[in-house]
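Below is one structure, written out as structure tokens; the observations come after it.
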């Protein structure tokens, strides 16, 4: 299925290099990438740019991903934007993240940061095709 050209994907992660690499990949696949490096920037960018999809890290300074999801869910302008958690949370944490936990947090799914970038693109397309 073909994703609409130029769909805006907001990448939210405090790892600047990772966001740039992922943005480059998404842009090479026809998406428009927006970047934010913490939860507060995510909220502001979402309100200003109305992205079609958010890829959100959980562990970030200032406002973590779980709090960011809660804030997005409170606002009528942002509550329906699909969010995929993209995190390294499972690598060293005692609590494992799975699809059910991601949904409880308000996301439509999750991927570990170590996932192939092609898989991230595929999941982004799937999420946008559900709209």
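The backbone N, Cα and C atoms fix where each Cβ goes, glycine too.
Secondary structure by DSSP for the domain 'Response regulatory' (8-128): 57 helix, 23 strand, 41 coil. Per TrEMBL, domain 'Response regulatory' is recorded for 8-128.
Positions annotated as 4-aspartylphosphate by TrEMBL: 57.
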Please work out the number of neighbouring Cβ atoms within 10 Å of the Cβ of residue 57 (4-aspartylphosphate), leaving out its own Cβ.
26
